[in-house]
Each structure stands twice: as C-alpha cells, then as structure tokens.
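Data first, discussion second: the structure below is written as structure tokens.
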Amino acid sequence: MSDDTVTPMMAQYLEIKAQNPGAILFYRMGDFYEMFFDDAALAAEALDIALTKRGKHRGEDIAMCGVPIHAAEGYLLTLIRKGFRVAIAEQMEDPAEAKKRGSKSVVRREVVRLVTPGTLTEDTLLEARRHNYLCAFAEIRDEAALAWADISTGELSVTACPLPRLMPELARLAPRELLVADERELDWIEEVGCALTPLSRASFDSASAEKRLCALFGVGTLESFGNFTRAELSAMGALVDYLDLTQRGKLPLLRPPVRETVGGTVQIDAATRRNLEITQALAGGRDGSLLSAVDRTVTAPGARLLERRLSSPTRDLGLIHERLGAVRWLTEEPRLREEMRASLRRVPDMDRALSRLALDRAGPRDMAAIRAGLAQAQEIAQRMPAEAPALVTRALEALGGHEALVDLLDQALVAEPPLLARDGGFIAQGFDADLDETRRLRDEGRGVIASMQAGFIEVTGIQSLKIKHNNVLGYFIEVTSTHAEKMLSAPLSERFIHRQTTAGQVRFTTVELSELETRILNAGNRALDLEKMHFAALRTAILDLAGQIGRAARSLAELDLISAFADLAVTEDWTEPEIDDSRAFAIEAGRHPVVERALRRTGTPFVANHCDLSTGETPAVWLITGPNMAGKSTFLRQNALIALLAQAGSFVPARRAHIGLVSQIFSRVGASDDLARGRSTFMVEMVETAAILNQADDRALVILDEIGRGTATWDGLSIAWATLEHLHDRNRCRALFATHYHEMTALAGKLKGVENATVAVKEWEGDVIFLHEVRRGAADRSYGVQVARLAGLPASVIERARTVLDALESGERESGGRRQTLIDDLPLFRAAPPPPAPAAPKTSPVEERLREIQPDDLSPREALKLLYDLRALLT
C-alpha cells in the first residue's frame, strides 16, 4: 500500500472530523478513544500523555494519542477546563456486524455528543454546589435579551437585556459559555471568564425559535408561559438549537421558561459583586466570600439555590416576608429543624440525575438517587406538622404522591447499584424470575448440570451415568458400553438421543440438555440484556413522572435553604430584619459575617457598629472619616451585605435591622490598574464611579471609599466633593461615603441628610490603637504616619515624614502665601538624615593579644606556645 493510500478507517475518521472542525475528536477504537493529526498533538500536550504515530498520510506520519474509555471523563474535564470542545464518536455496531457487510468493512461510527463548557451533565465534570449555565444573547432591532439554561438541572430563564446590562447580568450568572450571533464582536467577554461560541444568524431566527420551543414543550403556543419579545424568543431558540446540535437530537429535560423582569431583583453590577466578594473572594475561589461564610446547606441543590438567592436578592416585599417567616418558624422549632436537616443530608442530587436520565446518559446510581430522594421527601412530608408557614406548606405538597415509584425502584434495584448499566448487577434478586434463573445458570452452571445428572440417573437407573463437556460435542450424557442396549431401547431411546459411540462409552443428549447448554452459554449476555430491558422500563417510568419529581427536588432545595438560614441565625445570633417599603436603613450592632468568622478563628472579638440612614424621604448620607486600618471599608461592606442578606430571605448579623426596600447596591471600594485595557487605577475608579452616578436611583444603597485618591490632592478633593453633592442632589439615595479629605466634613452643615461619622482611635505613648468603633462626628487627623510606622517603614523615613507633616500643618494655620513659602523652603529632595553611627564594637581578648604580637620576632617554639595561649583565650 502506498503512502498516499487512505485506509477505510482513516477515511471514516477524516469524514467525521470534517463535520466537527472546531472540536477535538474522540474516535472510539475498542476500549480507547483515539485522536489523530493536529488533534493528537493538541491533546497530548494538554493532557500530558504520550504522542505516538500510526501509519502515514500523504507521505507524513500520522500523529496519534489515546485515552482509555474507563478514564475518559477525567481527560474530558481537563480539556474542557483548558478551553477545548470535544466531539465523541462512538462505535454504533460491533465488529462482527460490520464483517457481515464484507471482510474490509469499517465499524460504523457516529458523533453522539459534542462536549462544551456549557453542556456538561456528568457529576465528575461539574461542581456539585454550583450551576453550570449556558447563555445566549440576542438582538433584534432595538430589542435585546439574554437567555440561560443549566441542562444538568433543567432550568431555563430569559430576561430583556440591553447591551449595557449584559456585563452585570453575566457577572450575576457566571456562565460557562455564551452563544452570540457570529457577526457580534464581544472582545470584552473575557472579563466574565466564559467561553464565547458564535452561531449563525439562522440559529437566532425568532420565527423558527418559536416553533422549536413549542415542539420542545409540546404546546401549540407559548402564551401560557408568558408574553415573550422577539429578542427573548430569539435567545431561547438559539439555546435550544445549540443543545440540539451538541446533544445530537437528545434534548435535555428543560422546564418551561421563566421570564425574569428587570425590576424583580436587586441590581448589582460586576464591580460591586467583586468588591463585596459575594460568591467569590478577591483572591479567587470560594473561601473568604459571603457565600462560604453563610452556607449551611446540606444538599447540592440547596447550595445552588443559596448562590442564586445571594446573586439575585428579590425586590418582592411579599416574597421576602414569606421567606423570613419560614426561617423564623424553623428557628422556633429546633427539634423539627434538626430532624429535617438530618433527612435532607440523605437527599441526593435528583435534578442532575433526572437530567442524565432524560439525555440517556444515566446509570443505575442515578435511579437509586431518585429512589433515595423521593423516599426522604416522603419522610419529611410525614414528619411536618399540619400548621406551617405558607412557603413550607407549598413545598410539602410537592413531596408526596411518589409511593408507587419508590416501591417499584425499591423492588427493582439493589441497595448499592454499580455506576454503569453495562456492568449489570443492579436489578434486585426476586424482581424477575427469568433473570434470576439466567443468573443462576451463569453463576451456578456446574450445580445445575449436577442436578440434571442426578435426575437422569434416577430415570435410567444407571449409577455410572455422567454429563460431560468437550469442545466438539459441547455437553453430552455418557454411559459405559455395557448400558448401551438399555439406552438405545424404548422407552429411554425416546428421550435420549444417540450422539457418538467410542471404544468403551456411548454418548447421548436430550432436548433438555441441549436447551440448558444454550442457556448456560448465553446466560451472561442474556442476563445483561434482561437488565438493560428493565433499565429502559424503569427509565421510562421515572421520566413519565419527571415533572412531579422535578417539583419535589426544587421543594427539597427550598426546605434545605430555609433550614440552613434558620441554623445560621440560631448558631450565629442573627436577627430577623424588618423590611418595608420605607426609606429606612437603621442597623444596630451590625457585623461583617466574613470578617467576624475570620476573627473568631484567632479568638479576636468583632466590634459591632450602628448605622442609621433613616431620614424619611430625603437623601441620607454618612460621610465617614478616620485613619486607614481603622475599619472604614469593613463598615461600608458589612452594611451592604446586611441589606443583601435581608432581601435574599436570611436573618442578618445585627441586634436589630430596619431596612427600606433596596433596588440597587453599588460599591466602589478599592481599585487596581487594568493594564490589559490601558486603564490606570484612577481611571478604573472614575469609570466605576461614573456608572454609579449615572445609574443609581432613589432606592439604591451606595458605598464609596476614597473617591479621588488616585490623583493630585486638590483634584481628588474636588471630584469627591462633587460626587457627594451629585449623590445627594440627583441620585437622592442612601449612601456611606468614606474619605480622607477632612475638608468635606463641612458638607454636613450645608446638605440636609448628610451626617459626619468617624472611626474612633486612641493614642497611647506615641502609638495609635484602633478601636474599630464608628461614632457620629468628624476625625481631626488621619494618623497616616502612625499607620506607616506600624507597617514597618524605616525609622528615618518615619522621622522625615513627621518633619514634613509638622511643617505642612503649621502652614495650614498661616495664610496661603505663607503656606506656599513653607512648602518651597522644605528640603524635599535632600537626602534623608544619615542614621546614627553604630557604636564601636568591643575588642575581644584574642584581638588585643594578636595586636601585641610581632611575628618576625617569634621562634618556632614561641609561635607554637602562642597558638595554645590564643586557643585558651577562646575558652
């Protein structure tokens, strides 16, 4: 065969690869997924596996690498996390079937799935406590919308989303993949950290989208789900089209779409989410975030629900009160709460198990998860009292009515089923008599043969009769030649069929033995086939009740979250907030949940603080001054987090909290350079501040820290001053404004609703002690030099700083001209005063003796004696 000849197998590979150009192709060959050409080079490097070669193509070696099927999911996860997409081509027949078409026929293969970051369903590829969202952004004329789905749980939602709102929404959802029309350029999408997938404009066609959605949900019109705009239909249609492409026609079990309104949740932009560390700490990861500090959930769906609530606190006052009422009820029922949480700990992730069953990607353990989850649901429902809050009552209604399915799964499945259906062994003994007999033949073939042999001995009366086996005859009955006449005569000859006569033995068979032989030889395959048949039937039985099971799973997640909030409130001494539609914001003894948790580990108490922005209908601003390290930023953040927790339905870390409904939370606390986009720290700060001033409404809660610090003093003061005036006059919102510009404290006497507050410090013998107490009033000093000293700056720098500070403060008390003269006279560029000369080191006795020695005057004997004398001085 020449190098240019393409083998049938390689021709098939190239054809499949051409149909999936943007993905690494996992090409099934026996027990391995093989990769070739460029795919092999990319995968070998990404997976750190050996790169080999297999034959030639057009004169060049064909690069090849492979991964075993049993370990494929781990390799898949690595590739997905590194940004690759993977097309999986499976063998659709066994080699024996292929050979029926000809000796050189290739086993038929098809891509059964395209694995992408937003379309994962396996537990090994997913984070159990986080959603895995796939988003689609669509624009039609002057309308735009964002749709998102988690195919591992069946959630589908959509909202109107003008382009300026896209970044905040993506920050809220944190999707793994975003679908856009191929002509749309979104270079900045990398900031969100998700994969960007362009689709053809046809995928976003709204007319086709409506038909696809109606077919998916089996309805004639979508009106019962809501009145969707063309852009919303377009976004949802693109999602469904992409899922059809990646799942190769096996669409996931999506629930009817939920249309979220823009005003339904508290608006929080990307910068604020980052600054408040709601679900992710600034250092990256979950540890150190609000989510990690408050998560007491005991189920994966409950944890995902908690993240959704913290990311999207509601503005529905009735819903807030309903959730808080349920939490209050469980705080007052400790025994019931603990029993519920004990049951919930045994609830598996039914949502994801159900999704895998719908995609025909499930194993027996997914069915066992449904069984265990529904059984615990029944137990919880039976334990709950008749009198319960409305939210709990509604949840309980969805937990019952699954007795028949639970009984079926109990009878059908073993207690601990294997991971994969192909391994068998998951159908319980006694569920199917035929399967039991087949397994008995497979596992106890010798015993069955011995039992049949005993029966034949009894019938024939020949004690030496044996049932034997060889590769030519298979199973046969053997007697000695002395019994041949008896066996060949009626009535035995009617049952026993002569097979062979040898030199001393005669061999027979019977219909029963032939059938038994066939059953034994096929028992293994037949047992697997029977189990697969039962698996398919059980899968159908579960999917027929998918809607009810999904509602039960969501209800269990709700109960988990309610009980988690109640447990948090009791153990952390949190209080129920009073939420109404006023403009109040009064917090007594508020605490920062994350900082308090960190301090507790070191045995340090957290200093609680009050905050009162309740001034009726007028704007309410606290202007906070005080030194760095005193706790201003912590105070700002803790009040924003208290508002967020309250509207998420949780009790809050305070002695008392009265909060008028908050529509938006904005935070500008800390900034850093954005080198990739050519923006300095000051520019980043100004962009974030501009977003706040342009968007905050009169129900917003705004926290601002050190506005204007990144530029010259007078420029910074001017910007901070004007920003505060704008918040007061135009935005008219509730705000906490921390600054080092003490000149701004004069605004408290000029603007109604602006009050001064300061963080208390104490000086003791030249040191500054931070009390971390926020009090009304203004700070008289910044204590910057003292903080610098605590940070470890050299003593010469601290002394020089004090000199310059004293001169500048003296100039403040003089006229402007005198002040400028003092600044001009300061030797600002003179070298720092030299450090004091070190004291002369004390001379040792050895050194003194050495100075007295004249080497040229010493004899050898004297030199040797001197060495001993010097050594004695050392001791």
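For all residues, glycine too, the Cβ spot is worked out from N, Cα and C.
Annotation comment: Swiss-Prot describes GLY626, PRO627, ASN628, MET629, ALA630, GLY631, LYS632, SER633 as ATP binding site, evidence class sequence analysis. Classification of GLY626 (ATP binding site) by DSSP places it in coil, neither helical nor stranded.
According to Swiss-Prot, the compositional bias 'Basic and acidic residues' annotation covers 845-855.
Taken from Swiss-Prot, the feature region 'Disordered' covers 830-855.
According to DSSP, the secondary structure content of the compositional bias 'Basic and acidic residues' (845-855) in residues is 9 helix, 0 strand, 2 coil. Cβ neighbour count for GLY631 (ATP binding site): 24 (other Cβ atoms within 10 Å of its Cβ, all protein chains included).
Apart from the site residues GLY626, PRO627, ASN628, MET629, ALA630, GLY631, LYS632, SER633, the chain places the Cβ of VAL759, PHE770 no farther than 8 Å from the centroid of the site's Cβ atoms, the recorded ATP location. Ranking the binding-site residues MET629, ALA630 by how many Cβ atoms sit within 10 Å of each one's Cβ puts ALA630 at the top.
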